[in-house]
Amino acid sequence: MKNFVAAFYGSFGQNKAFATIFTPMFIETSLGNHHHAGRKGQVEVICGSMFSGKTEELIRRLNRALIARQKVEIFKPAIDQRYHAKNVVSHDETVIRSTPVQFADDILLLAGNCDVVGIDEVQFFDNQIVAVAERLAASGVRVILAGLDMDFEGKPFEPMPQLMAIAEYVTKVHAICMKCGDLAAFSYRLSGEKSKVMLGEKESYEARCRRCFYGNKN
Ligand SMILES: [Zn+2]
């Protein structure tokens, strides 16, 4: 019996140590909806460079909410015409259209009684998006924002830093450096164009690691 207890606590201790050491990087959020005393909103940010799979991660989270029959809406800035008004989320017969909006405030008018609001290409919104995210979360909405955290010069891309500061959860996803194959956090612009917002064409950019980003600046 003593041995059993020792073995039990021994293995318990080991598992505990295991759990401590291998606590996974945040992937699944703790959702506020499972208590019945009203919904508890929250803000989640998915950030990273181009080609890092931000939109895919946003879609993964929204799809899971759809499967649970939650009411989901997706918004994106009207400035981003790359994908036009095409559907970005589909699950079986359920398809959600992403709605292009001109101003961040428009989202408040359009979000209705959503459980989950997804916002893509957040870096192209005005700073008002921060207040919008806070308002939505305060009213019980789970707000998931995806966007570039750095511009093509490696500088923080407003309003993303503000959103990262106020979010409960921030997930930074990475691309693969197109020069060396390391993890990449930077979006390197191949053309000499200097405007911050160059929409575009993915062929004008490469995902790069820090060394390849700063080492090969032309
Ligand atoms: Zn590299």
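Each residue's number is its place along the chain shown, starting with 1.
Heads up, the Cβ atoms here are built off N, Cα and C, so glycines get one too.
Whatever TrEMBL says is automated annotation, not expert-curated.
Here the Cβ of V122 (ATP binding site) has 28 other Cβ atoms within 10 Å, regardless of which shown protein chain they belong to. In this structure, V122 (ATP binding site) is part of a helix by DSSP. Marked as ATP binding site by TrEMBL: G48, S49, M50, F51, S52, G53, K54, T55, D120, E121, V122, Q123.
In the shown protein chains, 22 other C-beta atoms lie within 10 A of the C-beta of E121 (active site, proton acceptor). Annotation source TrEMBL lists active site, proton acceptor at E121.
A helical conformation is recorded for C212 (Zn(2+) binding site) in the three-state DSSP classification. Per TrEMBL, the feature Zn(2+) binding site maps to C177, C180, C209, C212.
Other Cβ atoms within 10 Å of the Cβ of Y205 (substrate binding site) number 21 in total over all chains. Feature annotation from TrEMBL assigns substrate binding site to V197, M198, L199, G200, Y205.
K54 (ATP binding site) has E121 as its nearest neighbour among the recorded positions E121, C177, C180, Y205, C212, going by CA to CA distance. All protein chains shown were included, and the count of other CB atoms within 10 Å of the CB of C177 (Zn(2+) binding site) stands at 22. The two recorded residues, C209 (Zn(2+) binding site) and V122 (ATP binding site), have Cα atoms 22 Å apart. Taking every pair among G48, S49, M50, F51, S52, G53, K54, T55, D120, E121, V122, Q123, the residues recorded as binding ATP, the greatest CA to CA distance is 15 Å.
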